[in-house]
Amino acid sequence: MTRSATGRIRNPIPISKVGVANRTTTRAGIANRPTAVVRAHWATDRRNTAHRPLISRRENIHSIVPADAFRRGGACYTIAPAARVTARPSCAHLPSLGMKTVLAANPRRSARELCTFLLLSYAGAWIVASPMWLTGFHRDSAAQGPSPLAASCMLAMMLVPATVAIALTLREHRWPELPGVLGLRSSASWPLAIVRFASAAMVFVSITAVGLVVASGFGRYHPHLPADWTPIAGMLASALVSVPLYLGEEVGWQGYMLPRMLRFGAARGVTLGGIVWGLWHLPMTALGGSYPGHSLLVAVPAAVICAVGVGAVIAWIRLWSGSVWPAVAAHLGFNEFALPLTKFLAAPGSTPDPLIAGPLGVTTWPALLVVAGAALLHLHGGRRTTGTTRS
């Protein structure tokens, strides 16, 4: 392929564009449409008869370049000098993550689906939590456990995102297609899938351990090795039984919401998703769920900050693994291992303040935000600027 003096591409290539099938246009023609969203498609290099993938998806782009050319070292076409390119490795890999249908959809339809999902998920959370508000339940200290009513509302609330996601997905797909569309399928073998699940479950346990060391150094946490370790077996049993509950959340957040949030860009979409996730917990947070004994002015911002960090790590695990299941394991590890172990390893008679020590505590935030920042940088790492490239 050749480039004219003005930087436009000669010999137009047939492409598939959302809403316009088999349209022939120039690369520069598409480049001049900054809001274009392009399907995954195949084209032929005129000097090489072998078919190769050119691009998986771009939004808010200034130029279109072959996504695989960056990774495999040779460009297929010539682009204008100093063209600004938005290329995210995660986006190029998304079709294999069960997100192909979402990325090929019309942007307005995708935005409408996202708004509908968020509206129903938030409404469902408040409806399910309403019995606690009507009965006047409030958790005033970390030593106070949830009442049976509060526990029931909490468990039901965890199933809301998946229920909404499945209901919305069934409007366009059949039941057999749900696992693929919502990211429940995995190309990994069973041994590898088990290793990934177990590794993901230990991510937040490791981060929390660093935070507890910091809290102990400041004298805000007093560790103690108990003589009886049988409660660990109870934690494992509780974790196995609770898998469907965490699947209920992550099918909604990572299976349905995340692909649509990625239209804002990988790092930005993941961050917005974390904010949405943190505010979704507001019915519980306002009743002292995460930070008992603290005012809303402290508890809500702290919960959102923690949700952004935890959500970024979980989203990266989901994109890295190509499946929702490791994300389920990471969320499960946070609630079923990291939180109980903080109390289990505390000195007898002491009750750690969740705002200070533990996976939700400020002493854990530095380690959490470092890991989350690395995840966001990795997702954002494809953004780059390139100059003229000849085929």
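Quick reminder: no glycine exception, Cβ is built from N, Cα and C everywhere.
Within the model, the domain 'CAAX prenyl protease 2/Lysostaphin resistance protein A-like' (237-335) carries an average pLDDT of 94. Under the heading domain 'CAAX prenyl protease 2/Lysostaphin resistance protein A-like', TrEMBL lists 237-335.
Under the heading transmembrane segment, TrEMBL lists 114-134 (among others). Remote same-chain residues near the transmembrane segment (114-134) are listed as 149-150, 153, 156-157, 160-161, 163-165, 167-168, 252, 256-257, 260-261, 276, 279-284, 287 (criterion: CB distance under 8 Å, separation of at least six residues from the stretch ends).
Annotation source TrEMBL lists transmembrane segment at 149-170 (among others).
Sequence annotations record features per position, and here TrEMBL assigns transmembrane segment to 190-217 (among others).
Per TrEMBL, the feature transmembrane segment maps to 229-249 (among others).
For 261-282 (among others), the entry in TrEMBL reads transmembrane segment.
According to TrEMBL, the feature transmembrane segment maps to 294-317 (among others).
If you look up TrEMBL, you'll see 324-342 (among others) marked as transmembrane segment. Residues of the same chain lying 6 or more positions beyond the ends of the transmembrane segment (324-342) and with a Cβ under 8 Å from any Cβ of it are 182-184, 186, 193, 196-205, 207-208, 212, 231, 235, 238-239, 242-243, 246-247, 249-251, 254-255, 310, 313-315, 317-318, 352, 357-360.
Look at TrEMBL and you will find 362-381 (among others) tagged as transmembrane segment.
In the domain 'CAAX prenyl protease 2/Lysostaphin resistance protein A-like' (237-335), the DSSP tally of helix, strand and coil residues is 84 helix, 0 strand, 15 coil. In this chain, the transmembrane segment (149-170) lies in contact with the transmembrane segment (229-249); the count of Cβ pairs under 8 Å, excluding pairs fewer than 6 apart in sequence, is at least 3.
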